[in-house]
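Step one of this worksheet: look at the structure below.
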Amino acid sequence: MFFISHCYMAFAFDHYPVKTEGSPFPSLFFLLLSPSFLKFQKASILRFMGTVVDAANKGVTGSLPNEKKVKVVFVLGGPGSGKGTQCANIVEHFGFTHLSAGDLLRAEIKSGSENGTMIQNMIKEGKIVPSEVTVKLLQRAMQESDNDKFLIDGFPRNEENRAAFEKVTGIVPEFVLFFDCKEEEMERRLLGRNQGRDDDNIETIKKRFNVFLESSLPVIEYYSSKGKVQKIDACKPIGEVFAAVKGVFTQVHEKTA
């Protein structure tokens, strides 16, 4: 109602100058039925809706440009499964760019941007950073990169992440590289890293492993139902694991070539 009144007032002042005698406006009924007012009102509504949409989309980049075709591989596995080591090998041998959702969040916080401050405050308050925020950081990193092949490490962590990624970017991964490793072996590796990390203790390791089972396994099961999961036995030595990884990437490349 306020908007219609605003349209009426604006149109009346533009088309009917204020008079010193009598009412400055013609009959409301006559004015609302006039073809010129209806045309004016339609244009005003379109401008109004455009403003609302622009405001809602401010800062949103949308999906990747159509002219840039990208290949995305999700890399998943429990803590200590060797994802980081194998991602480095894949980057070196197959020319992928390695993207870590955690690294991008930390970099955004360190940048001091408004978005980074928001992320930092949410983490301090113990809140979960919305999936869309992480997805847009990944999206921006892919857009700004000169490469068109990306390993996304440790993401999606849960079904919400997965759905948000596909909805926001419109990208479906080529496949999911799943490093399957027994809990006992992951514990042994993490405790033997001796990197001084606060989360490398038995209690925290078990919690991280349980989170992976509860949150990430459903993602793996979803993509497995789509025939997109490549499972690697990550309990083996690094060289043997990478030999299996190379076999997967070579096989996929041959299929898509």
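Every residue gets a Cβ built from N, Cα and C, even glycine.
What TrEMBL annotates here:
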- Gly80, Ser81, Gly82, Lys83, Gly84, Thr85, Arg193, Lys236: ATP binding site (BINDING)
- Arg106, Lys127, Ile128, Val129, Gly154, Phe155, Pro156, Arg157, Arg197, Arg208: ribonucleoside 5'-phosphate binding site (BINDING)
- Asn161: CMP binding site (BINDING)
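By a simple count of nearby Cβ atoms, those within 10 Å, the most crowded of the binding-site residues Gly80, Gly82, Gly84, Gly154, Pro156 is Pro156. Local packing around the binding-site residues Lys83, Arg106, Arg193, Lys236 was summarised as the count of other Cβ atoms within 10 Å of each Cβ; on this measure the leading residue is Lys83. The shortest Cα-Cα distance between Gly80 (ATP binding site) and any of the binding-site residues Arg106, Ile128, Gly154, Pro156 is the one to Gly154. Counting in whole angstrom, Asn161 (CMP binding site) lies 24 from Thr85 (ATP binding site) by their C-alpha atoms.
Site extent for ATP: among the recorded binding residues Gly80, Ser81, Gly82, Lys83, Gly84, Thr85, Arg193, Lys236, the largest C-alpha separation is 17 Å.
Ranked by CA distance from Arg193 (ATP binding site), the binding-site residues Arg106, Ile128, Gly154, Pro156 have Gly154 at the top as the closest. Among the binding-site residues listed here, namely Ile128, Gly154, Pro156, Gly154 has its C-alpha nearest to that of Lys83 (ATP binding site).
Reported as a whole number, the C-alpha separation between Ser81 (ATP binding site) and Gly154 (ribonucleoside 5'-phosphate binding site) equals 11 Å.
For Thr85 (ATP binding site), the nearest neighbour among the listed binding-site residues (Arg106, Ile128, Gly154, Pro156), judged by C-alpha distance, is Gly154.
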